[in-house]
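According to TrEMBL, the feature substrate binding site maps to HIS77, HIS177. The divalent metal cation 1 binding site annotation in TrEMBL covers ASP95, ASP106, GLU236. Marked as divalent metal cation 2 binding site by TrEMBL: ASP106, HIS170, GLU203, GLU236. Per TrEMBL, the feature domain 'Peptidase M24' maps to 12-243.
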Amino acid sequence: MIIIKTPPQIQGIRQSSKLAAVTLKYLSQFVKPGISTQKLNKLAHQFIVKHNAIPAPLNYGGFPKSICTSVNNVVCHGIPSEKAILKEGDIINLDITTILDGFYGDVSATFPVGQISASSQLLIDQTRQALNLAITAIKPGKYLNEVVGKVIEDFVTPQGFSPVRELGGHGVGLKFHEDPFVFHFNTSQNHLLLKPGMIFTVEPMINASLNWRVNIDPSDGWTVRTTDGALSCQFEHTILITDNGCEVLTKL
Ligand code: MF3
Ligand code: CO
Ligand code: CO
């Protein structure tokens, strides 16, 4: 069941989304060779708590940390660790979800660590652009698959890139993960008419190969990696359907 949010709920989700976005921006300044992903986790945790909010990932389904840190061939749900030290040339996705006054906001972005290769930069630019093209297309009266999955798939595939299929965006706001599941490739499963008051994330995970397959690390039950070792990149926003388009709640 897809929840149409009320104006007070929208206001609460807007505030939480803003805090998530501010946290992401704050954290991004620390992304440098030599820092551990656990240090990034700690900085984010302290920032969120200081702003009277709760980091949603912590203890969510047993997730042990406050943010997700996904490096290189890790697609998503990377677990921060003292032993994971960023090095020049890496790319890292930081995924922040806040609970403020009971409302959820969810945002992520991928950052270069020092100087990166031209091919890594292209993957980052294309993934960000894929999300932005979807945002431009999202309007009430359109179907979710035409403005999200189709737009993203059609944009990245000619580059030799592929959207991950097993994971997707989601309704968000009153809970971390609500209906609908948002696919980042074109599928009739997302033949859903968009209506004002819907709030969901769009968060394309784009692999730098035509192989969209992933697997979950059996040793921790969380870390999602590409099966072929290719790099994977992700950007995420929380989006409200408005009367004439959409509002990106996690945009600063
Ligand atoms: N923030 C992720 C998303 O965009 C979900 C992370 S779940 C966690 O949906 F448990 F790994 F934190
Ligand atoms: Co997220
Ligand atoms: Co999300």
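For all residues, glycine too, the Cβ spot is worked out from N, Cα and C.
Any TrEMBL annotation is an automated prediction that lacks curation.
Not measured: the values here are computed from a predicted model.
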Problem - Shell of the divalent metal cation 1 site beyond ASP95, ASP106, GLU236, same chain only (C-beta within 8 angstroms of their C-beta centre) - result: ALA20, CYS68, ILE96, THR97, VAL107, SER108, THR201, GLU203, GLN234, THR238, THR250
Completion exercise
Candidates HIS77, HIS170, HIS177 (binding-site residues) with CB under 6 Å from ligand 2, in sequence order, are none
Handout entry: Cβ neighbour count (within 10 Å, all chains shown) around GLU236 (divalent metal cation 1 binding site)
Key = 25
Exercise for the section: Fill in the CA-CA distance, GLU236 (divalent metal cation 1 binding site) to GLU203 (divalent metal cation 2 binding site), as an integer in Å. Expected result: 4
Exercise for the section: Return the residues near GLU203 (divalent metal cation 2 binding site), defined as same-chain residues 6+ apart in sequence whose C-beta is under 8 angstroms from its C-beta, sorted by sequence, else 'none'. Expected result: ASP106, SER108, LEU131, GLY168, GLY169, VAL182, HIS184, GLN234, PHE235, GLU236, HIS237
Practice task
Sequence order is fine: just name those binding-site residues in HIS77, ASP95, HIS177 with a Cα within 10 angstroms of HIS170 (divalent metal cation 2 binding site).
Solution key: HIS177
Practice task
Calculate the distance in Å between the alpha carbons (Cα) of HIS177 (substrate binding site) and ASP95 (divalent metal cation 1 binding site), and round it to a whole number.
Solution key: 14
Practice task
Taking a cut-off of under 6 Å between Cβ and any atom of ligand 3, tell me which of the binding-site residues HIS77, ASP95, ASP106, HIS177, GLU203 pass.
Solution key: ASP106, GLU203
Completion exercise
In chain order, residues whose C-beta lies under 8 angstroms from the C-beta of HIS77 (substrate binding site), counting only those at least six residues away in the same chain, are PHE63, CYS68, SER70, TRP222, THR223, VAL224
Practice task
Return the residues near ASP95 (divalent metal cation 1 binding site), defined as same-chain residues 6+ apart in sequence whose C-beta is under 8 angstroms from its C-beta, sorted by sequence, else 'none'.
Solution key: PRO57, ILE67, CYS68, THR69, SER70, CYS76, ASP106, VAL107, SER108, GLN234, GLU236
Problem - divalent metal cation 2 site, defined by ASP106, HIS170, GLU203, GLU236: further same-chain residues with Cβ within 8 Å of the Cβ centre - result: ASP95, VAL107, SER108, GLY169, VAL172, VAL182, PHE200, THR201, VAL202, HIS237, THR238
